[in-house]
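J.: I have a structure here, written as structure tokens, and I will follow up with some questions on it.
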Amino acid sequence: MMRSEPRALQLNEHGQLKHFLTLDGLSHAILTEILDRADSFLSMGEQSVKKVPLLRGKTVVNLFFENSTRTRTTFELAAKRLSADVINLNIETSATSKGESLLDTLKNLEAMQSDMFIVRHSDSGAAHFIAEHCTPNVAIINAGDGRHAHPTQAMLDMLTIRRHKGRFEGLKVAIVGDILHSRVARSQLQALTTLGVSDVRLVGPKTLVPSFFAEMGATICHDLEAGLKDVDVVVMLRLQKERMKGALLPSESEFYRLYGLTEDTLAWAKPDAIVMHPGPINRGVEISSEVADGRQSVILDQVTNGIAVRMAVLSMAMSGQLQSEDGAATGDEK
Ligand code: ASP
């Protein structure tokens, strides 16, 4: 079977989101709509009643085939704040771990009249595969697939940048660390480029920042000082050891010496630069505690912003499903 283009798969015939699989091919207008909606949900988070009825009567299933703390919890909170019924499928004890195929598990969940699957999987392309094989009126949201994409993480990072810097044009952004294995870096690069950031630097050793990333519109830097010089935003990434095959680094202490973000190395960036990290952070490996907890760190803002961005994406995909011809044909039966 030929794979459908992500663009054709994730947009309905009116150009609205109906799945959220990748940022590749999504327009400036759609990314801006996600950020604007998320901004309005953020102000709702400050009120005593945090719920809106946009997903009332809908069933959302969290399907995490890989570990997660922040992403799974903030997706759950987002769906609950939109008034959905939320199921967290425990893969460890589910039939998938007893040998049932992924598709069989999904068909059973479809038969329970689920409306949305939020999927994390260690295989790149897993969310896309599921979107191709599920009934078209179930919305599929990618919560991270292999090293391919983590689109809601990138959008919560964009919201954090916009709220702190007020703009994208003219910003200088450094993404530092294990770029090779990072789905976050790939999605961030797509988002930054679409939103108008022309100076994005990918910083790290040659083994973790290969030259082919330059084709995606970034500058490659193997020297931390050159990479951080005058940047407005520093994004630190962890070493993704679970995805590393073979020895790509001499040692963690050598990595920290050359690429760690400390008060001294952060001084190469602009004085008002913000420091971001998608988590989990490894103190003393890629970032010092002083910086992680310091005045320039916005790492916990990213977590708060994640709920609002996920509310925006879930509500947009659900409304795109209802307005698509496939969804409209079957939507009433659910
Ligand atoms: N939490 C992010 C992810 O799921 C980053 C990481 O794990 O290092 O990709």
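The backbone N, Cα and C atoms fix where each Cβ goes, glycine too.
Unlike curated records, TrEMBL annotations are generated automatically.
Okay, these came from TrEMBL:
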- 18-162: domain 'Aspartate/ornithine carbamoyltransferase carbamoyl-P binding' (DOMAIN)
- R70, T71, R120, H150, Q153, G279, P280: carbamoyl phosphate binding site (BINDING)
- K98, R183, R238: L-aspartate binding site (BINDING)
- 169-316: domain 'Aspartate/ornithine carbamoyltransferase Asp/Orn-binding' (DOMAIN)
J.: Would you mind sorting out which binding-site residues among K98, R120, H150, R183, R238 put a C-beta under 6 angstroms from ligand 1?
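T.: Cβ under 6 Å from ligand 1: H150, R183, R238.
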J.: Does DSSP put K98 (L-aspartate binding site) in a helix, in a strand, or in coil?
T.: helix
J.: Within 10 Å of the Cβ of T71 (carbamoyl phosphate binding site), how many other Cβ atoms are there?
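T.: Its Cβ has 25 other Cβ atoms within 10 Å.
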J.: Let me know the most crowded of the binding-site residues, choosing from H150, R183 and counting other Cβ atoms within 10 Å.
T.: H150
J.: Can you give me the average pLDDT across the domain 'Aspartate/ornithine carbamoyltransferase carbamoyl-P binding' (18-162), rounded to a whole number?
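T.: Mean pLDDT for the domain 'Aspartate/ornithine carbamoyltransferase carbamoyl-P binding' (18-162): 92.
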J.: Going by a 10 angstroms cut-off between Cβ atoms, which of the binding-site residues R70, K98, R120, R238 has the sparsest surroundings?
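T.: Least crowded of the binding-site residues R70, K98, R120, R238, by Cβ count within 10 Å, is K98.
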J.: Looking at the binding-site residues G279, P280, which sits with the largest number of other Cβ atoms within 10 Å of its Cβ?
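T.: Output for this query is G279.
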